[in-house]
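Inspection log for the structure reproduced underneath, given as structure tokens.
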Amino acid sequence: MNSLVALVLLGQIIGSTLSSQVRGDLECDDKEAKNWADDAVRYINEHKLHGHKQALNVIKNICVVPWNGDLVAVFLELNLLETECHVLDPTPVEKCTVRQQHNHAVEMDCDAKIMFNVETFKRDVFVKCHSTPDSVENVRRNCSKCPILLPPNNPHVVDSVEYVLNKHNEKLSGHIYEVLEISRGQHKYEPEAYYLEFVIVEINCTAQEAHDDHHQCHPYTAGEDHIAFCRSTVFRSHASLEKPKDEKFESNCVILDVKDGHAHSHLIQQHIEKNSISPEHNITILNFVHPDDHTSTSHESHEHVAEVPVVFVKKELPTDISDHHTTPVKGCPGKVHHFKLY
């Protein structure tokens, strides 16, 4: 009898958990809505190939629609903010600092659709995002001398990164690095300087070979990779036309051993032999479909990312993602977790 009661109670618990996941009357600040939004943000950060991780800022809208059979479609409109963690950084996004307005913040608006199977708990995620930096006018309105964001391919930014890299390679005996990606550059004032964020990777060359245009240098194979996240400031004038030679600079690079199977180890291969300049803002940066084969509803474990390399399929998003017009929902948009850019 006790076993039967326990079985009934277990069924009620499972049923309650399942029904909470597929509620159709969600408001944007409901816990269930936050769980769906966290799912979408997690996938964005796990599969974003360039730049920095994103943090949830506002759930702008949510709509849960019954689909075919056991499928439920969850449509989300999200506003995210750029953090200071690069996408290759293993730090959980919850522990990443959101880039503040005085440091020229960048926001990202995303349309997401999660197809959820209530029987198998499988999720198919479709995401389309567009990032936009805060306007220069807004930054200067509150802080006239705050650093201004520059395109990562700005000549001063590129030259300054190469200058710092050469200085590092001179000091690191037996270890030579090359730029994997320039993810941020800013023009600073008083004193005038260039602030840089970039990622470097160790290569299988000597210093002499690295300067030989005829010698092919490559990053080490998976499991032997050493990458470093660098934040540097090079003090030089915007009017300088020559490449930096003896300018003062400050730099801090955190070196990370990349383990084979690390959640983002496959992304390093995406960077190798590619353009080392991060894509500029104001463009759609994500357009992917990724199936999730979880067999439970847990939001904690995502080891499958490390076990199986993700295959990206270039395809048009279903029209019902960006063209799905969700009617305004009571309680939406939700609260602002950080700040709004205007």
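Cβ from N, Cα, C; glycine included.
Quick look at what Swiss-Prot lists:
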DISULFID  CYS28-CYS332  disulfide bond
DISULFID  CYS85-CYS96  disulfide bond
DISULFID  CYS110-CYS129  disulfide bond
DISULFID  CYS143-CYS146  disulfide bond
DISULFID  CYS205-CYS217  disulfide bond
DISULFID  CYS230-CYS253  disulfide bond
DOMAIN    22-130  domain 'Cystatin fetuin-A-type 1'
DOMAIN    141-254  domain 'Cystatin fetuin-A-type 2'
CARBOHYD  ASN142  N-linked glycosylation site
CARBOHYD  ASN204  N-linked glycosylation site
CARBOHYD  ASN282  N-linked glycosylation site
REGION    24-108  region 'Indispensable for metalloproteinase inhibition'
SIGNAL    1-19  signal peptide
Neighbouring disulfide-bonded residues, C-alpha within 10 angstroms of ASN204 (N-linked glycosylation site) - of CYS28, CYS85, CYS217, CYS230, CYS332: CYS217
Residue with minimal Cβ packing [other Cβ atoms within 10 Å] among the disulfide-bonded residues CYS28, CYS110, CYS146, CYS230: CYS146
Most crowded position, judged by CB atoms within 10 A, among CYS129, CYS217 as disulfide-bonded residues: CYS129
Cβ neighbour count (within 10 Å, all chains shown) around CYS96 (disulfide bond): 19
Cα separation, CYS96 (disulfide bond) to ASN142 (N-linked glycosylation site) (Å, whole number): 24
Minimum Cα separation from CYS230 (disulfide bond), reported as the residue among disulfide-bonded residues CYS85, CYS110, CYS146, CYS205 that achieves it: CYS85
Chain-internal residues near CYS332 (disulfide bond), provided their CB is under 8 angstroms and they sit 6+ positions away: GLU27, CYS28, ILE59, LYS60, ASN61, ILE62
Proximal residue to CYS253 (disulfide bond) among disulfide-bonded residues CYS85, CYS129, CYS143 (C-alpha distance): CYS85
